[in-house]
Amino acid sequence: MILFGTRTYLQQLAILTLVCGRCGNPSAHTLRKRVMKFTLFFIPLFPISTKYATQCTFCGAEQQVPKEQADGLLATAAQGGAGAGQPQPGAGQHAPHGSGPAA
Ligand SMILES: [Zn+2]
């Protein structure tokens with residue numbers, strides 16, 4: 001007897017601030033990857049399908065996105081382009097004081 005089946009793995013890739021298509025709020029969205037794997041005797045062997053989706057944390061609406069768009073969103077998140085916590089060049093640098101003639 002051969003036991004086989006599938007198993008789904010959910011992986012959260014990033015959290016992005018997007019304007020939700022359903023509730024219209026610029027809220028945090030989780031970008032998730034859902035991988036379905038073929039299992040044999042409960043051992044996952046290889047992925048059958050990989051899907052990406054964003055989910056609005058405000059209203060819970062989930063929207064599937066193609067891999068290309070997910071990659072783009074990930075790149076945006078990696079650059080910090082989603083908004084939060086982006087360091088501004090120049091601000092907070094240690095500028096040398098007393099560069100004038102006043103000693
Ligand atoms: Zn929403």
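The backbone N, Cα and C atoms fix where each Cβ goes, and this holds for glycine too.
Note that the structure is a prediction, hence the values are computed from the model and not measured.
Straight from TrEMBL, the features:
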- 19-62: domain 'Zinc-ribbon 15' (DOMAIN)
- 70-103: region 'Disordered' (REGION)
- 71-103: compositional bias 'Low complexity' (COMPBIAS)
Should anything in the same chain at least six residues away from the domain 'Zinc-ribbon 15' (19-62) have a Cβ under 8 Å from its Cβ atoms, list it; otherwise answer none.
2-13, 69-70, 73-74, 77
Please work out the helix, strand and coil residue numbers for the domain 'Zinc-ribbon 15' (19-62) from the DSSP assignment.
0 helix, 31 strand, 13 coil
